[in-house]
Amino acid sequence: MANVIHSLPYQATWLNGIAVAFFLLNVILFIMNCALASIRFKSRPGALTHSFTDQTESLFIPSAVVSFAIISINICQFGVPHVGPWLLRIMQILFWFYIALSVVASATIYLILWSTLIFPIHTMTPTWVFPAYPLLLTAPFASNLIQAAVQTNQQVVTLNRTAIALCAVATQGAGCLIAFMISAAFIYRLMTQKLPRDFQRPGVFISIGPFAFTVGGLVQLGNSADKILPGNFLGTDLAVPIIKVMSVLIGLWLWGLSMWFFIVSVGSLWKYVRPESKMPFQMTWWSFVFPNTALVTATTALGKALQNNGLQIFGCVFAACLIVIWFIVFVTMIRCLYKRELLWPKDTQ
């Protein structure tokens, strides 16, 4: 949510304060979850190995890597512009570390899944793409790191912007193409098996994220092309304007796909409007929030690039609705934890 608020075209001091509060809450929750997971693995021998071979839990292991990327992006947004060059230097090191981590993590998780488990097509949901999600945060990380360096105007730290941008585009492209292939499998599943079951239904929103994250990252990098590329890049002086135009056109193409998946995802919830229908709370409810944050940042990035007030206003309204949804999901999660309806063994266990 901090990233969403930071991306808004209309800024104010109180908005920045809310964004920083979300950022700090994210850090606290990340540390707490890491500590609790460590306690679980320490107190229950074999639990770590079981996590990598469980059909549901294994798909969400990369969320730890994704959380690390989001926190790093927030540090670039809220930390680097306000401190000395030492933090920019650290974030540059962390960027290259994250590139390696995202590639290794995504490939390793998929190899483990393909070697130990079988996923029938009738159980397929967009969560199959989650092991590739670490790759999809590389372009947003790179664009925010470069933007932070531009804002601070640091001359002490040498930032190889061209290498950072090109490497981010390569890994982002890999993640996006993996998502394309999995999306094709998901549509095949929908055509042959209908929509997922009630407790899996929120996961449909995950199909939005890969393409929306790609839009936000590519458009932001394209807008900063004059600060990233040398004047004679690829032997031509026209590289910068060409890349700016290409990034916007590709962004519009993928943004349209993201919006289509958003409409389909919202439409899949139509039956829950009726009073007699109820969707049981699961942690998958966070799929209402996380993928849509990418759609907001993609919308505002395109609005800024095209200087289109309509897109920018739409992004702001979307962000406001998303904050409300975040609070609803968060409060519902706390209530279920308190009532022992979540993360609590059943009578048969």
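Just so you know, glycine gets a Cβ as well, placed from its N, Cα and C.
TrEMBL annotations: computationally assigned, not manually curated.
Long-range contacts of the transmembrane segment (14-39) within the same chain: residues 1-2, 5-6, 8, 64, 67-68, 70-71, 74, 77-78, each at least 6 residues beyond the stretch ends and with a Cβ under 8 Å from a Cβ of the stretch. Here TrEMBL flags 14-39 (among others) as transmembrane segment.
Per TrEMBL, transmembrane segment is recorded for 59-80 (among others). If you look at the transmembrane segment (59-80), the same-chain residues 6 or more away from its ends with a CB under 8 A from one of its CBs are 2-3, 6, 16, 19-20, 23, 26-27, 30, 33-34, 51-52, 87-88, 91, 94-95, 98, 101-102, 105-106, 109, 113, 127-128, 130-134, 137-138, 140-141, 144-145, 147-149, 151-152.
Summarising the annotation, TrEMBL assigns transmembrane segment to 86-113 (among others).
According to TrEMBL, the feature transmembrane segment maps to 125-143 (among others).
Annotation source TrEMBL lists transmembrane segment at 163-191 (among others).
The transmembrane segment annotation in TrEMBL covers 203-222 (among others).
Taken from TrEMBL, the feature transmembrane segment applies to 242-264 (among others).
Counting residues 6+ beyond its ends, the transmembrane segment (285-306) has Cβ neighbours under 8 Å at 1, 3-4, 7-9, 140, 202-209, 212-213, 215-216, 219-220, 222-223, 244, 247-248, 251-252, 254-255, 258-259, 262, 312, 314-316, 318-319, 322, 325-326, 329, 332-333 in the same chain. Annotation comment: TrEMBL describes 285-306 (among others) as transmembrane segment.
Among the features that TrEMBL reports, transmembrane segment is placed at 312-338 (among others). For the transmembrane segment (312-338), the residues of the chain that approach it from at least six positions outside its boundaries are 1, 4-5, 7-10, 281, 283, 285-286, 288-289, 292-293, 295-296, 299-300, 303-304, judged by C-beta separation under 8 angstroms.
Outside the transmembrane segment (163-191), and at least 6 residues removed from its termini, the chain residues within Cβ reach (under 8 Å) are 92, 95, 99, 102-103, 106, 121-122, 124-126, 128-129, 132-136, 138-139, 141-143, 145-146, 207, 210-211, 213-214, 217-218, 221, 228-229, 254, 261.
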